[in-house]
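One structure is given here, and the rest of the page talks about it.
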């Protein structure tokens with residue numbers, strides 16, 4: 001089994017500010033290489049799907065103003081229009097699956113929005129049908145966490161917490177929402193192999209909490225979020241623009257703390273994902 005780890009490109013184009021986005025993208029690939037894995041950042045370059053962006057393509061995705069944020073549904077649109085596009089969790093999973101990649105590391109998954117509960121991320125639909133190990137620091141903190149967890153259960157997505165039985169929420173380490181716990185990479189690989197054996201659809205979604213030293217207290221986050229939400233209400237931003245807008249305002253109010261935490265949880269997720277990938281390769 002070739003040890004390839006999928007990485008998304010939306011965090012480069014819309015999740016982190018320039019030039020931190022470029023530095024982080026490069027560092028994540030280097031971290032994977034140190035473990036014997038090959039990280040492939042996925043994106044669409046001028047209408048062509050790329051599994052493994054070059055350094056120059058990463059710089060372009062990070063700095064261009066015309067990079068579309070796409071889920072699975074928009075992949076054919078971006079290809080037909082020959083666009084530059086950054087792939088979210090859903091689009092990255094779909095492309096990775098088509099290329100026989102079985103492990104994917106990301107920051108936070110999308111879910112049910114607090115502001116508009118009809119605004120539900122395509123990530124949940126893709127997680128429900130694509131068999132892959134996805135390592136994440138939890139649903140993004142800006143989401144309705146309980147509704148998101150209910151949707152994960154309804155869609156029969158296998159959710160486990162790595163060394164935790166409490167749902168992490170991206171910047172925040174704990175939420176008092178119970179999830180099933182695993183304590184080893186072998187357990188995670190075994191769960192995935194049973195899904196393969198019995199042809200069960202959907203992801204093994206591994207929630208890996210942000211390290212203690214980089215976590216943000218829930219009360220502090222909620223204060224920054226209220227200010228950011230007020231800015232959103234005063235703006236005309238809708239749909240796919242909501243999350244990048246809120247992340248930008250959170251970075252402003254936290255004086256960059258949320259950006260630093262985002263980078264650290266990404267690095268932590270890549271390390272854990274590579275350990276899982278190495279274990280999976282031994283067991284197949």
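Here the Cβ of each residue, glycine as well, is placed from N, Cα and C on the backbone.
What you see is a predicted model, and the numbers here were worked out from it, not measured in a lab.
Pulled from Swiss-Prot, these are the features on record:
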- 8: active site, proton donor (ACT_SITE)
- 69, 89, 121, 122, 123: substrate binding site (BINDING)
- 119: Mn(2+) binding site (BINDING)
- 140: active site, nucleophile (ACT_SITE)
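Most Cβ neighbours within 10 Å, among the recorded positions 69, 140: 140 holds that distinction in the structure as shown.
Taking 8, 119, 140 as the recorded positions under consideration, the smallest Cα distance to residue 89 (substrate binding site) is found for 8. In sequence order, 71, 88, 90, 91, 109, 110, 126 are the same-chain residues whose CB sits within 8 A of the CB centroid of 69, 89, 121, 122, 123, the residues recorded for substrate being left out.
Cα separation, residue 121 (substrate binding site) to the residue listed as 'active site, proton donor', rounded: 15 Å.
Summarising the substrate site geometry, the residues cited as binding it (69, 89, 121, 122, 123) extend over a maximum Cα to Cα distance of 13 Å. With the fewest other C-beta atoms within 10 Å around its C-beta, 119 stands out among the recorded positions 8, 119. A distance of 16 Å separates the Cα atom of residue 119 (Mn(2+) binding site) from that of residue 69 (substrate binding site). Residue 123 (substrate binding site) sits 12 Å from residue 140 (active site, nucleophile), taking the CA atoms of both as reference points. For residue 122 (substrate binding site), the count of additional Cβ atoms within 10 Å of its Cβ stands at 20 [all protein chains shown].
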